[in-house]
Amino acid sequence: MASGSTPSPTTSACSPTSNDVEHQRKRARDRKSQQAMRDRKTWTIQNLTENVAFLNRIAEENAGHMATLNARLQAVVGENERLRIENAALQLRLMGDRPLQESSVFPLGAIRPLWETPPSNTAPTCLADQILQTFAESKRRENIIPAERAAAYPSTPNLCSLLDKNQRTEDATSNVVSDIIRSYTEIATLPKQVAVHYVMSTLLKWTVLLDEHSYNLMPRWLKPIPQQLTTPHAMWIDRIPWPKVRGYLVAHPNITLDDFAGTYSTSFSIAWPYDPSLVVYTTSINEKGVKQVVMNPIYSAHIRQLTNWTVGGPFRNRFPEVAKLIDEDIAESSNTLL
């Protein structure tokens, strides 16, 4: 019966051993584990993608909200600045109840020196003119002897209020001019702001004092030409640096400030090849914390040269005839001493 107890070679070869079964089970567990890892990785990626998309939406919403708030803030700041200027105009207007009568000071037929002859201005045509004309009239009306009045207007204005609206200097002219310049956002760079301040404050000082000293402080190109003295015109024209352009604007009253200023303010430039911050510097700070900010003498001499003033393409395209006159003034002044 030996044959019944001996395993068949064929049966033994086909039957899996315990090691084979365990190996198959391990492979099955590995496959499940790997699938679970893949599923977990896929879920993690999807979850992260959803989180990123959610955070991006939140960031976009916050950015839009911040942009809206910033726009509202800028609108409030602009409105506050406008109200401040209008309030200054009202205060100046209340300082006098009637226009200054030049005929009461100078008899008819009297010959006045050029420095005592102000430009022939019409009634204000814009807020800036209203402020400046009222300021000049009210200051000339004050009962102050000429020497004391002149002492109140230093030859070197303090520009602190131009750089910081919260800083106020004792020089009222500089404060008024600075407030107006800051309201023109198109005059964006410091060299342009300081150059415009120089023109406006120098001209306004002479308009108030009407004396020989302040008249001589103006560069030759800023002094009124005959048309400005004889033909009524808007005051803003007097602040244009090019004499021939002023004559053209006086002769063409149909060109209003609204037509002219927008393109001009953005297009004019000063040929200053150095760091913009070098146009001014602080000399001292008084006990009240008010800074004494003055124009760099080098920049002062620079802008007194009309050849360093120019206008760009947008203005030339809008006003080609005026641009031609600007080029003529620059060419004539290139060989002319101030």
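Here the Cβ of each residue, glycine as well, is placed from N, Cα and C on the backbone.
For reference, TrEMBL has these:
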COILED    66-93  coiled coil
COMPBIAS  1-18  compositional bias 'Low complexity'
COMPBIAS  31-40  compositional bias 'Basic and acidic residues'
REGION    1-40  region 'Disordered'
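Mean predicted confidence for the coiled coil (66-93): the pLDDT average there is 62. Secondary structure counts, DSSP: the compositional bias 'Basic and acidic residues' (31-40) has 10 helix, 0 strand, 0 coil.
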